Ligand SMILES: CC(=O)SCCNC(=O)CCNC(=O)[C@H](O)C(C)(C)COP(=O)(O)OP(=O)(O)OC[C@H]1O[C@@H](n2cnc3c(N)ncnc32)[C@H](O)[C@@H]1OP(=O)(O)O
Ligand SMILES: CC(C)C(=O)C(=O)O
């Protein structure tokens, strides 16, 4: 495959190296779905598996090849005729196909793993690539453990592979050992020293053992590599491979510094990431670049304020460019400020005046201090509660209740502000709710009111969820419902009861004006 001087070939190995992650095995149907998505994304080469590894691998590479249209389908094979033939038999069904063959070139691998002399390795490169070329046009050769290989020997191996017909030369950082500057120099050295290098495309295949897989790959591109091997979500052996989404978005976002193109439709990145995560069961860490759930989320007030004024203040790419349609996420939490809170309220349909906004904001901050996640429903409950309480005559100022085992009766201590006056009491009850409600009735006499309903439900999930309590009171044929929300169920209960009491007072006022103030 040839490429324009600035076109970077994206070679996805999620189905081969990605599947080598312990626990990431995929079945045929799952591999077909991923391959279809990769092709739709515009991946140039899909490494679909290692056909000699098993009947299952052979079948999946063959089936993927049969369905492929535009992507080249590739299989991996050791430097042996058996592997290469099996690989060919699987990939040959694809209209565009490639054989990828490899052998180790580092002193350590040659001596201990292959137990071969360097000259014998060079001979194997020649014979394996020649055999592969007798089967297909497009042969890729990899120098396994390339980054720990002696430079002179690496040049000799690369020259041999190209002379035998390889048109892509891959220099893997098999153990994730190199660093960007060193890798740059290695690619640059090959470009300058290997006499027939212009007949091949240099490829990178970086592992992430030091967290440098993407940085190393980009460094190699800057040195002249024009194929990057990568995987969705950075899946792969040990710490994984370079993440496709990070490579693609880095090239797209920093075109000013790295003027290279890929053929990837980046809008499909999120879909591919979620699919691979769901199929493998490997969840994506929340702070993972590009595809983590927090990659476009903003929690702190200063950032949220900046985002509301201009998204470019804190986002270097748009969520839409990676296929997130819910736009940037302003997540309210304890670090949020008034601007973001007000914006969230208007998105939820609330327009509060300055005073009400300040009161609601204070309650929101208190809630965020107590609660890990503040959801929209929490805010709705909080604001409804706040709005409801404006103009209430009876307000809670203090409440404490004892409860637990081996306590005969529970004691509630309560202070209420009624029309501006503070009143206090202590009451005993059969359980904390009973004690609390008795305390209210001692301060606010309600001789004819009956409790018809007391209901608690959690607004959101988790043990720190807000409780929303509904209390229904009936007095002489008039029924009112009171609501209260708080992370403390007892406080929510008292607030709900008081809300109902306040509504009853309003009904009394309407019915008998002479009763105003008769508390
Ligand atoms: C860095 C990488 O990602 S490399 C790819 C890793 N992927 C895989 O290993 C895919 C899954 N592998 C398998 O299913 C099996 O290992 C097989 C089918 C490939 C081979 O299985 P076996 O024949 O039982 O051999 P085993 O895996 O135990 O040992 C590997 C053999 O291949 C040899 N070998 C390793 N790499 C190469 C190579 N590139 N070219 C030729 N021979 C190689 C080893 O020296 C060893 O040979 P030996 O048996 O003479 O000592
Ligand atoms: C065989 C090559 C491409 C590889 O996977 C590696 O070296 O990590």
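Cβ atoms are placed via backbone N, Cα and C, with glycine included.
Copied over from TrEMBL:
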DOMAIN    8-270  domain 'Pyruvate carboxyltransferase'
BINDING   17, 205, 207, 241  Mn(2+) binding site
REGION    395-519  region 'Regulatory domain'
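The secondary structure of residue 205 (Mn(2+) binding site), as reduced to three states from DSSP, is extended strand.
Among the listed binding-site residues, namely 17, 205, 207, 241, the Cβ with the most fellow Cβ atoms inside 10 Å is that of 241.
Secondary structure by DSSP for the region 'Regulatory domain' (395-519): 38 helix, 53 strand, 34 coil.
Each residue in 13, 172, 173, 174, 206, 208, 213, 229, 230, 231, 236, 237, 240, 242 lies on the same chain as 17, 205, 207, 241 and has a C-beta within 8 Å of the C-beta centroid of that Mn(2+) site, without being one of the site residues.
Among the binding-site residues 17, 205, 241, the residues whose Cβ sits under 6 Å from any atom of ligand 2 are 17, 205. According to DSSP, residue 241 (Mn(2+) binding site) sits within a strand segment.
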